[in-house]
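Residues or ranges marked as disulfide bond in Swiss-Prot: Cys89-Cys104, Cys96-Cys110, Cys103-Cys121, Cys107-Cys131, Cys112-Cys119. Annotated domain 'Agouti' per Swiss-Prot: 89-131, in sequence order, evidence recorded as sequence analysis. Annotation comment: Swiss-Prot describes 1-20 as signal peptide, evidence class sequence analysis.
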Amino acid sequence: MLTTMLLSCALLLAMPTMLGAQIGLAPLEGIGRLDQALFPELQDLGLQPPLKRTTAERAEEALLQQAEAKALAEVLDPEGRKARSPRRCVRLHESCLGHQVPCCDPCATCYCRFFNAFCYCRKLGTATNPCSRT
């Protein structure tokens, strides 16, 4: 029973190959291009030829590539950029580790944790501090 079922499955799987193959050709010899197939009735369902681009589309694509190249060159060229003015303070919740500038908020202080490995500007609220959160 099992052998009959296995033989039937093998025949069903091999049937399309036997019916569609051309006599005297190996399976890959009949395919000259990607849009050709061994099965002539299925040739119309294959890959469509690529669409031809108009000159306007080509010009637009060239302009986009030039604009991208120019933008990339501006980003990567540090000499072409303006020099940034040094920041005079560190904002709240930003890292103040290694900075010699104070926090922007006068009520904030540079708060360090984990053996001074993680420091950031934070408002510390205490009862004696006039800037405490209430």
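Yeah, the Cβs are placed from backbone N, Cα and C, and that goes for glycine too.
Locations of recorded Swiss-Prot features on the structure.
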| residue | record | Cβ neighbours (10 Å) |
| --- | --- | --- |
| Cys89 | disulfide bond | 15 |
| Cys96 | disulfide bond | 21 |
| Cys103 | disulfide bond | 21 |
| Cys104 | disulfide bond | 14 |
| Cys107 | disulfide bond | 15 |
| Cys110 | disulfide bond | 17 |
| Cys112 | disulfide bond | 14 |
| Cys119 | disulfide bond | 18 |
| Cys121 | disulfide bond | 21 |
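Closest to Cys112 (disulfide bond) by Cα-Cα distance, out of the disulfide-bonded residues Cys89, Cys103, Cys121, is Cys121. Residues of the same chain that sit 6 or more residues outside the domain 'Agouti' (89-131) yet have a Cβ under 8 Å from a Cβ within it are not found.
Rounded to the nearest whole angstrom, the C-alpha distance between Cys104 (disulfide bond) and Cys121 (disulfide bond) is 9. If you check the disulfide-bonded residues Cys96, Cys107, Cys110, Cys119 against Cys89 (disulfide bond), the ones with a Cα inside 10 Å of its Cα are Cys96. Here the Cα atom of Cys103 (disulfide bond) is found 8 Å from that of Cys96 (disulfide bond). Among the disulfide-bonded residues Cys96, Cys107, Cys110, the ones whose Cα sits within 10 Å of the Cα of Cys119 (disulfide bond) are Cys96, Cys110.
Calculated from their C-alpha atoms, the gap between Cys107 (disulfide bond) and Cys121 (disulfide bond) amounts to 10 Å.
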